[in-house]
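Chemist: Below you'll find the structure I mean.
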Amino acid sequence: MTPALLFILFLSMADVSMVSFLKWSFDIKLHFFPLIVLYGDIAEPKTSSRNADPCTAIGCKWPKSGRYVNVPYYISSDYSEYERNIILRGLQSFSLSTCIRLVPWKSGDRDYIYIESKDGCWSYLGRQNGGQYVSLAKNGCLYQSTVQHEVLHALGFNHEQVRSDRDTYVRILFENIEPGREFAFEKKQTNNLGTPYDFNSVMEYRNDAFSKNGKPTIVAKCNPYMKFGNAENMSANDILRINKLYECSE
Ligand SMILES: [Zn+2]
């Protein structure tokens with residue numbers, strides 16, 4: 001079956017939900033469809049419980065083949081060569097420091113990510129069954145850090161500020177959050193893989209994400225004036241988590 005046909009089939013299943021989250025902190029748009037729960041820029045089927053998200057213990061990890069974890073990708077032909085190269089550099093960055101290998105989709109690959117410029121930057125959390133969108137809008141998502149962020153969601157990782165231990169490190173100022181966006185700050189039962197909370201993670205929101213009044217929505221307990229959430233590349237902890245979750249050294 002061709003990627004295009006699979007793609008149409010995937011669309012026709014209609015379990016598509018989209019959250020637009022330009023540079024993952026702004027301009028969120030929600031399109032609700034049945035059976036979907038939304039977490040910031042994560043589109044998540046309701047049937048799956050998903051940092052490493054709990055789902056990684058029950059099947060949403062990508063399978064290992066020998067020493068590597070191959071994640072097939074298909075990039076929409078709508079991107080220019082320049083845009084495609086930005087995406088490719090982001091995908092290839094995983095192979096520099098982890099056992100994750102983003103590989104071109106080929107016939108017979110059942111599970112894969114389909115990268116397309118939809119309405120914002122978003123991804124499903126963890127491996128789904130079949131093709132799954134990763135949206136990287138041309139206007140706002142074509143940065144290496146954003147490509148890494150959305151692929152990390154697809155690998156099963158949640159946002160830093162929803163970690164199970166986040167209350168030790170940050171205070172969420174719900175009074176400054178835009179009404180209706182509170183869900184993106186709800187704490188989750190995550191597997192933190194023995195790694196510390198990391199303000200330099202590409203999975204960390206900006207300290208003023210979804211602010212309704214310009215005031216901070218996330219404050220670091222160690223330094224209330226700290227600005228964060230502008231990582232341009234995966235941090236050492238982001239890399240360590242991938243390597244631990246996917247047992248890259250084995
Ligand atoms: Zn995200």
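Placement of Cβ uses the backbone N, Cα and C atoms for every residue, glycine included.
These came from TrEMBL, pasted as-is:
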type	residues	note
SIGNAL	1-18	signal peptide
DOMAIN	51-249	domain 'Peptidase M12A'
BINDING	H149, H153, H159	Zn(2+) binding site
ACT_SITE	E150	active site
Chemist: Rounded to a whole angstrom, what is the C-alpha distance between H159 (Zn(2+) binding site) and the residue listed as 'active site'?
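Modeler: It is 10 Å, counting Cα to Cα.
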Chemist: For H153 (Zn(2+) binding site), what is the secondary structure state per DSSP, taken as helix, strand or coil?
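Modeler: The three-state answer is helix.
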Chemist: Helix, strand or coil: which one is H159 (Zn(2+) binding site) in, per DSSP?
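Modeler: It is coil.
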Chemist: Just to confirm my parser: what is the rounded mean pLDDT across the domain 'Peptidase M12A' (51-249)?
Modeler: 95
Chemist: When a 10 Å sphere is centred on the Cβ of H153 (Zn(2+) binding site), how many other Cβ atoms does it contain?
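Modeler: So the Cβ neighbour count for H153 (Zn(2+) binding site) comes to 28.
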